[in-house]
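To keep things clear, I will list the structure first and then write my remarks on it.
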């Protein structure tokens, strides 16, 4: 051999392999081959000095200090039970926080349902403008396709045709100003019995 001093034998008692590129353990300062250079592979007695892991709380993401000899899982569990600010069992949040603005209604909802016209907060039952008697502007808003007067409101006493369209007085129907003359002539004809 030309280079008798080249390389070192592995310090692992069961190996003793001659390695030309040995790795020195930074904890115990001994030389090892590629198979035994890790702390676990050669059972390094000083590994605890170098193998330091700081556990992090999964709820609040804060590092938890662990003393030597303590089990990290137990320490993190104690932190969650006692010190953690993000523990879901400690703080009790109200789920139903949005109260209905309709007078006389005491329902609360999980989600905010506000009226696009009056910007009030309402429950599911009163969320539509007609359901909460929305007064945006001077008169109640009526959506297209909705009847302005319900059948129960269109039955004046002494009407010969209950529930008919003639039973509704002209003052209750919202009409475009251009059609006022046509409507009054129809109502006049209805009053005459035509």
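Every residue number used here counts from 1 along the chain in the order it is shown.
Glycine is no exception: its Cβ is also placed from the backbone N, Cα and C atoms.
For reference, Swiss-Prot has these:
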{"type": "ZN_FING", "residues": "4-52", "note": "zinc finger"}
{"type": "BINDING", "residues": "10, 15, 33, 36", "note": "Zn(2+) 1 binding site"}
{"type": "BINDING", "residues": "25, 28, 42, 44", "note": "Zn(2+) 2 binding site"}
{"type": "ZN_FING", "residues": "94-142", "note": "zinc finger"}
{"type": "BINDING", "residues": "100, 105, 123, 126", "note": "Zn(2+) 3 binding site"}
{"type": "BINDING", "residues": "115, 118, 132, 134", "note": "Zn(2+) 4 binding site"}
{"type": "REGION", "residues": "145-164", "note": "region 'Disordered'"}
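Swiss-Prot feature annotations superimposed on the structure.
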residue : record                : DSSP class
10      : Zn(2+) 1 binding site : coil
15      : Zn(2+) 1 binding site : coil
25      : Zn(2+) 2 binding site : coil
36      : Zn(2+) 1 binding site : coil
42      : Zn(2+) 2 binding site : coil
100     : Zn(2+) 3 binding site : coil
105     : Zn(2+) 3 binding site : coil
123     : Zn(2+) 3 binding site : coil
Measuring Cα to Cα, how many Å separate residue 115 (Zn(2+) 4 binding site) from residue 44 (Zn(2+) 2 binding site)?
70
Sequence order is fine: just name those binding-site residues in 10, 25, 28, 33, 44, 126 with a Cα within 10 angstroms of residue 132 (Zn(2+) 4 binding site).
126
In DSSP terms, helix, strand or coil for residue 115 (Zn(2+) 4 binding site)?
coil
Give me the non-local Cβ neighbours of residue 126 (Zn(2+) 3 binding site): same chain, 6+ apart in sequence, Cβ-Cβ under 8 Å, ordered along the sequence.
100, 101, 102, 105, 132
Neighbours of the Zn(2+) 1 site 10, 15, 33, 36: Cβ within 8 Å of the Cβ centroid, same chain, sequence order.
11, 12, 16, 17, 19, 32, 34, 35, 37, 42
Could you check which of the binding-site residues (15, 36, 118, 134) sits closest to residue 25 (Zn(2+) 2 binding site), going Cα to Cα?
36
I'm trying to understand the geometry here, so how far is the Cα atom of residue 42 (Zn(2+) 2 binding site) from the Cα atom of residue 15 (Zn(2+) 1 binding site), in Å to the nearest whole number?
10
